[in-house]
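Undergrad: First the structure, which I've put down as structure tokens, then a few questions once you've had a look.
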Amino acid sequence: MATATPVPPRMGSRAGGPTTPLSPTRLSRLQEKEELRELNDRLAVYIDKVRSLETENSALQLQVTEREEVRGRELTGLKALYETELADARRALDDTARERAKLQIELGKCKAEHDQLLLNYAKKESDLNGAQIKLREYEAALNSKDAALATALGDKKSLEGDLEDLKDQIAQLEASLAAAKKQLADETLLKVDLENRCQSLTEDLEFRKSMYEEEINETRRKHETRLVEVDSGRQIEYEYKLAQALHEMREQHDAQVRLYKEELEQTYHAKLENARLSSEMNTSTVNSAREELMESRMRIESLSSQLSNLQKESRACLERIQELEDLLAKEKDNSRRMLTDKEREMAEIRDQMQQQLNDYEQLLDVKLALDMEISAYRKLLEGEEERLKLSPSPSSRVTVSRASSSRSVRTTRGKRKRVDVEESEASSSVSISHSASATGNVCIEEIDVDGKFIRLKNTSEQDQPMGGWEMIRKIGDTSVSYKYTSRYVLKAGQTVTIWAANAGVTASPPTDLIWKNQNSWGTGEDVKVILKNSQGEEVAQRSTVFKTTIPEEEEEEEEAAGVVVEEELFHQQGTPRASNRSCAIM
């Protein structure tokens, strides 16, 4: 370290002695000594300044080296990030295109369903018109039936009045019949009484006749005794007169008995005939009344059956009309609801398509911005190379679109702490083919190519219990199986996604399930997933096959599989490394 040269004390008048004039040589030496001292001080200051500058330069050089390393790492990270984002963008574009195609297919299906619904609606309208015509016919028939019913009711009322009259007549006739029966009983009793009297009279007559004969005999005996006394001349006359008198008495008595008997028989026969005639008249009247009553009852029953049939037909017509109206209202509601759902789905599809188009435009904007940034970086590096007069390193081409890449980083420590990054990109075109089949209500809708999830969907309109169901994933010779819980039910039209444990998704049953025992579903060139029910029968399967083809020329990659970005990395200070596709970063 330089130090200042001490200056000897100057002699002057203050030294305590008389001043002596200095010689010119002494003065020149003193001046030279003063100049050397000043130069020595300046040199010391300069050396200190140089040392401080060197120290600062070393610190700045270290900062520059660290900044260069950080910049290189940031550039490498930015490149990897750009590649990842570009791959994600490409994948998103592919997904968007696939989703757009799917949405277009669904839109076509929706249009076809809409046309079919319009046809069904037109058919339902024609059915409605036919039903309305039938309804009017039924109403006309119902009106005619109502008129007939009113007429039948009027006839029924009149017949009921006639029936009441006939019932009254029947009651009267029954009363007359009872009186006739009573009279007949009385006449029968009278007949019996008369017969008894006749029998008693006959017996009395016989008794009297016997007594009369006894009297005659007694008289005859008396007359014989008298005849003995009487003259024999008058005996013949007397006997003649006696016989004549007896004969007259007998005839008179027989005539009286015959007259009395004839009178009794005539009276009996007259009363019996009157009773018989009265009974016959009453019987005929009762029979006619009964016949009229039966006819009235039959007519009333027929009218009642007709009335009940008409009422049944009327109720059936009303029920049919109500059923048709309910069915028509239900069909209208279903058609309106289906049209509303389809319109809402179409609006959602349009919104999704618009959102996807917006996302696609944003991705294009991001891609253009990244291209502009890459171009700006390239121009900046070229300007730095021209300014530093560095030879440009060979450009490395990076292909991002389903490309397999391998990267090796080699770090060499030396005097300048340089890091060499070597990249090699092997571009390839990858085609993915999917095949799926299902024999039941549940199908395998999607298999994630990264092995994060598998999605199932219930395509039916009924809930599907999946207790004991098993899903098997096969990749080559390896296979894993996932079993559903006994209470799990997949709702109608619902999808369920089974995520791997490392997918970074939280469980949200019943639509999102986490397989905690499996970190990934696995990836490979040939992935096959089989769904089996609780009986072990295969109900659905889906396979994904990756086919890799290497193009003949690397320049065709941009057109066939992705976006090609040329990226040149240059060394900003020092001599560039002479390695293929490499750059040296300070």
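A Cβ is built for glycine as well, from the same backbone N, Cα and C atoms used for every other residue.
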Undergrad: Looking at Swiss-Prot, which of Lys271, Lys474, Lys528 is flagged as N6-acetyllysine?
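TA: Cross-referencing Lys271, Lys474, Lys528 with Swiss-Prot, N6-acetyllysine lands on Lys271.
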Undergrad: What residue among Lys389, Lys417, Lys457, Lys547 has an entry for SUMO2 cross-link in Swiss-Prot?
TA: Lys547
Undergrad: According to Swiss-Prot, SUMO2 cross-link sits on which of Lys134, Lys312, Lys452?
TA: Lys312
Undergrad: Based on DSSP, tally up the residues of the region 'Coil 1A' (35-69) by helix, strand and coil.
TA: 35 helix, 0 strand, 0 coil
Undergrad: Kindly assign Ser375 (phosphoserine) to one of the three DSSP-derived states: helix, strand or coil.
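TA: Its secondary structure by DSSP: helix.
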Undergrad: Taking only same-chain residues 6+ apart in sequence, whose CB is under 8 Å from that of Ser278 (phosphoserine), what do you get?
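TA: Counting only residues 6 or more apart in sequence, the Cβ neighbours of Ser278 (phosphoserine) under 8 Å are Ala180, Gln183.
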Undergrad: Name the one residue among Thr25, Ser28, Lys157, Ser200 whose Cα is closest in three-dimensional space to that of Lys330 (N6-acetyllysine); these are the modified residues.
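TA: In terms of Cα distance, Lys330 (N6-acetyllysine) lies closest to Lys157.
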Undergrad: Just counting, how many other CB atoms are there within 10 A of the CB of Lys330 (N6-acetyllysine)?
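TA: Cβ-Cβ neighbours of Lys330 (N6-acetyllysine) within 10 Å number 10.
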Undergrad: Quick one: give me the count of other CB atoms within 10 A of the CB of Lys271 (N6-acetyllysine).
TA: 18
